[in-house]
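Lifted from Swiss-Prot, the feature list:
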- 1-40: topological domain 'Cytoplasmic' (TOPO_DOM)
- 41-61: transmembrane segment (TRANSMEM)
- 68-88: transmembrane segment (TRANSMEM)
- 121-141: transmembrane segment (TRANSMEM)
- 142-206: topological domain 'Extracellular' (TOPO_DOM)
- 153-162: disulfide bond (DISULFID)
- 169: N-linked glycosylation site (CARBOHYD)
- 173: N-linked glycosylation site (CARBOHYD)
- 207-227: transmembrane segment (TRANSMEM)
- 233-253: transmembrane segment (TRANSMEM)
- 269: N-linked glycosylation site (CARBOHYD)
- 282-302: transmembrane segment (TRANSMEM)
- 319-339: transmembrane segment (TRANSMEM)
- 366-386: transmembrane segment (TRANSMEM)
- 418-438: transmembrane segment (TRANSMEM)
- 453-473: transmembrane segment (TRANSMEM)
- 490-510: transmembrane segment (TRANSMEM)
- 528-548: transmembrane segment (TRANSMEM)
- 549-602: topological domain 'Cytoplasmic' (TOPO_DOM)
- 587: phosphothreonine (MOD_RES)
- 591: phosphoserine (MOD_RES)
């Protein structure tokens, strides 16, 4: 018996309808939207998960951690953590038709703090991730010139130590001690105008502030009409980067020295597998790249039709994401191999990760190419699009969570647009501090602590525990079977029960043991209060889970067991099954609720 209200389609087929929809209609609230078609959902998720990390982090991690050998821990984490948690979050959103907070409230109220933790991470992510777009836009606009401004030392921002590195008979034309390249000076002295430390924030970089404003304006209009606008925008933002990546790949592999770069990228060094740091890097890359534990997948899945095959979609999207990362490595390291040969230096000296790759290594390589402004425009336009759809989907996740929490307030005409505007303006104003002369130090704090692998692993531990043990892995498998018509691969259930929490817990503890304070550029050490601020950012999300559980337990009446039992009960308006014909054998319940039922009730 399905507790949802039945609706009838034009062909007479009955489909589940959330009971809140009829109530919302009575309150004058707008009904919850759905994707117009499956492709909009797939492209939206692809746009979210396939971002900057695929281009500037995964290839470097492969090179750093043993080349082809890195795929062993990467694939282990993919199948034990990546795919299971990806499916868990997507199916949870589709089953409950709720955003990243209320979805957890529906299935297990005591773990509603998981939703608050993920949305806290997303809130911080919305503030600092878009800063990369501001930098990329600045570089993009600077590329519309005959001579790229980071290609020479003939500018006002260059110092006497600036040396133009060019190939002369296989060697560098300058070996001056402490020499710097025009690329680095453009990045640090023209773009950032970086100060001596975080305690010296300095003046606002108004050019970057205008780029940030432009990025937020574009982001706002991509999602201001909900999934109706988002679903149309992703047809371009999620597909065009692939065209750019293919163009850069073809150009890269045809350059001299490309084979050497690809060899460094893939050559297996199996001895690196004994280093625990390699396994930690593989695990954190999975969580970063798959956008899990952020509530984004739950929000996007909540707009699916109830009987959408979320299992097949999740598997396909996970392999698409990993495949994109793998191919991006060829595009990046073929260019770095060319750069290594042209400069006559080992590839280890030109290989970079993160902003260093996008704004130092690759621009330096582009200068060496014919028609360099064209390739610079292609690369930075790809960076903008990769970051843009990841950014506006994160904003959509936060907005969806707030709207579903307060539907009577925000699910009315123009209220949602005002909410998005409020989120955008607030995030823009807070983000301005990262565009000051000392803003790069603040950005690094957010990047290192706020959305770190440590925070994501912590949330993943509780997500898998909540679904597998508190709600019941068998019950959730029944829910998925009800939606898609068959049961997923049994191994995924055992991952939720045992492998995922065990692997995530081990990696989380290892990250705590191996913790090292943040440094910038391997030289600048943050003051003690800088590290304290970073830990405050990290704890702001992690503390939500235990704090919310304690709060809910303290507000209810009755014995401790009665309160726990009440908070373990899922919402009564969740669908209980629609299958017709003989029922399948009941799935054994693996739920903490069983323990509370041992106490007699009067």
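Note that Cβ sites are derived from N, Cα and C of the backbone, with glycine treated the same way.
Neighbour counts of Cβ atoms within 10 Å were compared across the recorded positions 153, 162, 269; the minimum falls on 269.
If you measure from the Cα atom of residue 162 (disulfide bond) to that of residue 269 (N-linked glycosylation site), you get 37 Å. When each of 319-339, 418-438, 490-510 is checked for Cβ pairs under 8 Å to the transmembrane segment (233-253), 319-339 comes out on top.
At the 8 Å Cβ cutoff, the transmembrane segment (490-510) and the transmembrane segment (453-473) share at least 3 close pairs (sequence separation 6 or more) and count as touching. Between the CA atoms of residue 269 (N-linked glycosylation site) and residue 153 (disulfide bond) there is a gap of 39 Å, rounded to the nearest whole number. For the transmembrane segment (418-438), the neighbouring stretch richest in Cβ pairs under 8 Å, chosen from 207-227, 319-339, 366-386, 528-548, is 207-227. Where the transmembrane segment (207-227) meets the stretches 68-88, 121-141, 453-473, 528-548, the count of C-beta pairs under 8 angstroms peaks at 121-141. Using a Cβ-Cβ cut-off under 8 Å and counting only residues 6 or more beyond its ends in the same chain, the transmembrane segment (121-141) has close neighbours at 52, 100, 191, 207-209, 211-212, 214-216, 219, 293-296, 355, 358-359, 363, 376-377, 380-381, 383-384, 387-388, 390-391, 394-395, 397-398, 423, 427, 430-431, 434-435, 439, 443, 446-447, 450-451, 455-456, 459, 537, 540-541. Remote same-chain residues near the transmembrane segment (366-386) are listed as 50-52, 54-55, 132-133, 136-137, 139-140, 143-146, 148, 150-151, 183, 236-237, 240-241, 244-245, 247-248, 251, 255, 338-339, 342, 358 (criterion: CB distance under 8 Å, separation of at least six residues from the stretch ends).
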